Amino acid sequence: MTEITRDVLIIGAGAAGTTAANDLRRAGLSVAVLEARDRVGGRLWTDVIDGAMLEIGGQWVSPDQDALKDTIEELGLETYSRYRDGDSVYVGPDGQTHRFTGEMFPVSAETEKVIAEITSLLDAMVAEIDPDQPWAHPRAQEWDTITWDAWLRQQTDDDEAVRNLAFATGSAMLTKPTHAFSLLQSLLMAASAGSYSNLVDADFILDKRVVGGLQQVPVLLAERLGDDVFLNQPVRTLEWSDPSTGSGTQFVIATTDEMTVKARYAILAFAPVLYNRISFVPALPRRQHQMHQHISMGFVIKVHAVYERPFWRESGLSATAFSPYELVHEAYDNTNHGDDRGTLVGFVSDQNADDVFTLTAEERKERILESLSHYYGPEAKNPVVYYESDWGTEEWTRGAYAASFDMGGLHRYGADLRTPVGPIHFACSDLAGAGYQHVDGAIRMGHLAASNIVASSRDAG
Ligand code: FDA
């Protein structure tokens, strides 16, 4: 058993953990980062599958994500724009494929009017929400106790409008059924991107990618930490002592199967759904026990299909495709920078994802490619490389993209989500306001936890 001592131990080498560790180092504190997996990056993961470089986890960067953009620039990484020239595609309730340009789906004039009116209303509501404290809004309780779906259906009985409005924060973002989370949770998701309109604007939210993959962000941050990053070290136990409660000196001791790390502070830099994988000694307080049970991961399959050439471009399609009626509810051109081959990426979310995982791999592939063919024609059925990202089976993530509260949980517990417990601090994208559920949010939370520890350490002399 190796035993080491540091000022701060960080559990998790994702974007949040590696950001915090670098900040702490810069402030003169020593760190150890303990990572359960055999790689750095967590939900950021670039791999080569059958000769194709694929971003299995997070990849896109949007213009408002300043924390991420600053890190990308500071690390000297290059970005490129998602291919978006040409028409988008929409499959309507009649199963027909329609081409369109701009942000409004090609729906009837009445449905378009309803979508535009409710979008304006949502933008006004979102403008009143502080993403860092949505629970502080005077109507937080009311908005947190009605489901997103029920609220939309109170606004209109136009089913196509409801489905199109619902899926922006439902299938596309929180990746849970729209009856499983509240209006307030939906407003937070939109507020974290600046507005509801930003969130539904694919050109905004899915703007750029990093040449070589976004995983380079945590990988390069970890490289700067050198030997202070320890892979294959799932933390099993965290002992802690909080002198403010009269229990002697402040310390934390993390134990893995091979190491013991003693420090003054710990950062849990991973999603709250995994906190209960650690035995805390003493146990975390009542509030945390309760709160963490009201948070769960969404679930989405990210499907990659690589073709000899980006054939859709030849018929003037951008490959941007949406339909709340399709198994693959959204899809895009995901061709890598400088690649001659063409790549499509599509998403199968929440209950659809559950359902297709009851099929054999072959049947699932056939169903998913069939859905892609509704957008792009029969050629979509014959990729040279096909891959499904399945984060549901990843022990150290357990879903995608991120975690959110169940009904009523956000206004009830949200204010305590980031509150440290004695020497234990919390940081990950799932706790963020701006950049919530995104890498930008992970980086913001990493900076915040580090600055809180630096301040606390200074106060302690
Ligand atoms: P993250 O989960 O990445 O890191 C936590 C780390 O802690 C993991 O490495 C884990 O192994 C480790 N860990 C957990 N328990 C441990 C224990 N007990 N001991 C030791 N280590 C432990 N975002 C975006 O901005 N743009 C995008 O396009 C997308 N798209 C997207 C697609 C898919 C398929 C996914 C899964 C996710 C995205 N995201 C995204 C979300 C984004 O990837 C995500 O929010 C951040 O990468 C999360 O970073 P964190 O550091 O907060 O957690």
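Glycine residues also receive a Cβ, built from the backbone N, Cα and C atoms like all the rest.
TrEMBL labels come from automatic prediction, so no person has curated them.
These figures come from a predicted structure and were not determined experimentally.
Here TrEMBL flags 16-453 as domain 'Amine oxidase'.
Classification of A36 (FAD binding site) by DSSP places it in coil, neither helical nor stranded. Sequence-distant neighbours of A36 (FAD binding site): residues of the same chain at least 6 apart with a C-beta under 8 Å from its C-beta are G12, N232, Q233, P234, V235, E395, W396. Annotated FAD binding site per TrEMBL: E35, A36, V235, in sequence order.
Taken residue by residue with DSSP, F347 (substrate binding site) is part of a strand. Per TrEMBL, the feature substrate binding site maps to F347.
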Residues E35, A36, V235 binding FAD per the record - widest CA separation, whole Å: 8
V235 (FAD binding site): secondary structure state under DSSP, collapsed to three categories: coil
F347 (substrate binding site), number of other Cβ atoms within 10 Å: 22
Entry from the binding-site residues list E35, V235 having the most other CB atoms no farther than 10 A: E35
Shell list (FAD; ref centroid = CB of E35, A36, V235; cutoff 8 A): I11, G12, A13, L34, R37, N232, Q233, P234, T256, W396
Rounded Cα-Cα span from F347 (substrate binding site) to E35 (FAD binding site), Å: 28
